[in-house]
Amino acid sequence: MAIAILTYILVAWNARYPVVALDEIVMVGNSRVLAGLPATWHLIGAGFMPGLAVLMAPAWWLTDDPVTVYRMGIGVSAVMGLLAIWPLSRIAIRFGASRNLSVIVASLVAVAPARSLFGDFLFAEHLYFLMTVCVILSGARLAERPDVARALVFGVAVGGAVLAHGRGAGLALAGGIWCLTLLRRARWHAVIAASTALVLSFGAFLMYRWVTSLVIQDDPRVSSTFGQTAGATIHSVVAVLIGQTWYSVLAWAGTSIVGAMWVARHLRASPLARLIGLAVVASLALSIVQSAPWSETPRFDLWFYGRYNDNLWAVLATLGVVITVRLRWPLVSVLTVAVAAATSGLMLWVTAPLVGATGRWAEMHVLGVAPWLSIDDFLEGRPQPWVSIMAWTVGLTFLTVVTAWWRGLVVPMLLIGGAALSLWYDTLHIDIILARTQSADAATPFEQLPDGAQVAFDSALQQRVNMLYFQAGSRPVALLDVGSDPLHGYDIIFSRRVSPALESAGAEVFAPLSQGVTVAWVLPGRVFDELERSGDLLTAQEVAGNPITD
């Protein structure tokens, strides 16, 4: 447990400023309106379930600084990740682990890169994982001894999972189907559990719609999720399925295979196995639809997008570790390595050729396998070193099943190895690539603006607008389309370096904010005259000759 706490503190330590203009800024924006602040941010992109934002909202009652709220949100998220250790350990006990071993196994799962590295971002993954294991644990308790209280707890856990993350919809679907399997032995308790889950899940969705209507300019979440099925082929769907399955093998050193084999073997006899199995299938199906690499511009991560299923791969890994420690069966060891080899071979043959070598580097979606990916090859436009990565996949699985024959060796190896790998990748890769060690001042661009200036953002900036709103804090800023909306009434408009509409309106660029892709255009008027007299304006031609620094 101490290793897990230390790992989470060190991973989150440098997460001082948002680096994702969509997920992270929307979470901060959600927390603003939930705290009762005016809905002055008009963010661009898709909305996110507000579960984590609910926990962050009280921070706004203590400060009006978005950076401070962001950092407090990072801390809250890390605490949620650590809290998941307790229910996960209770699940491990149900597979024969002692109390001490169960906590150690849950801790080693928590420190693995696929879990701990989410601490670098203000994502809802830690909270969603906590709610996922609560759903599974409460389901196990309901199946063991059905009563009204346990049925209600299960329904509340499902509703909490939906509130925490949009992918909770898959978990809710699995929970509903699982309740149907309990009808013969616990009819009314199953009805109570399913009804509670349905009502609270629907309530969570309504809350999402309300919050999103206040924060997001135009939310495409539902249409974009299910509209992306167009263009899918059997080959592309199979390729994504292989990619995500392979991801689970490498991210969890083959232990997820052992867990999956146990679930498959006990699917009919064990309600717990059915719940986990249904959750995995529903989550996997939803993730394939959501990632939809066939409908995107080339992105190397979408074909093995692990973020959508990391919560359930972690549950399977927990089962796998406990089983490998308790039961030393040669057949299971051989089958585990064989499945790892087969999955790696299929990945190499079917999926890897489809993975783009260009686009956007986004390791935040594939953190479980990110330590084995090569950003150097990516930057040079070369394919990933797939053969060596597949060798790592099989080799780590083999190492795990071999060391499992010495019961006192495999758990410490996975615990220390996982923590060390997470801290190494966080410190020498994520923190450097994202410039996490650099301090940023959220108000800097706006502190340089003249007092009393009326400011607007150009919607053509797309998600760059989100970061500008974060930097503006509580300052009211309008969002407009400079190509069609009237510009009168505004002194300064943040837009692109090249903007024919603003040039034709006689605007010039504010010199201190002229070095980036986004610049501050000053429209003719009082502020324009003041800045012109002080020599702080540049013409569009002068700006075009300046280098871009961001």
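In case you wondered, yes, glycine gets a Cβ from its N, Cα and C as well.
Given the structure is predicted, the values throughout are model-derived calculations rather than measurements.
Record features, source TrEMBL:
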- 40-62: transmembrane segment (TRANSMEM)
- 69-89: transmembrane segment (TRANSMEM)
- 95-114: transmembrane segment (TRANSMEM)
- 152-183: transmembrane segment (TRANSMEM)
- 190-211: transmembrane segment (TRANSMEM)
- 275-292: transmembrane segment (TRANSMEM)
- 312-329: transmembrane segment (TRANSMEM)
- 334-355: transmembrane segment (TRANSMEM)
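Taking Cβ pairs closer than 8 Å, the transmembrane segment (334-355) reaches residues 235-236, 238-240, 242-243, 245-246, 249, 254, 257-258, 261, 293, 300, 303-304, 383-384, 386-387, 390, 393-394, 397-398, 401 in its own chain, all 6 or more past its ends. Counting Cβ pairs closer than 8 Å and at least 6 residues apart in sequence, the transmembrane segment (40-62) and the transmembrane segment (95-114) reach fewer than three and form no contact. Contact between the transmembrane segment (152-183) and the transmembrane segment (275-292) is supported: at least 3 Cβ pairs lie under 8 Å, counting only residues 6 or more apart in sequence.
Remote same-chain partners of the transmembrane segment (312-329), defined as residues 6 or more beyond its termini with a Cβ less than 8 Å from a stretch Cβ, comprise 88, 91-92, 95-97, 101-102, 105-106, 108-109, 112, 114-115, 129, 132-133, 136, 247-248, 251-252, 254-260, 262-263, 276, 279-280, 283, 306, 368, 400-401, 404-405, 407, 410-411, 414.
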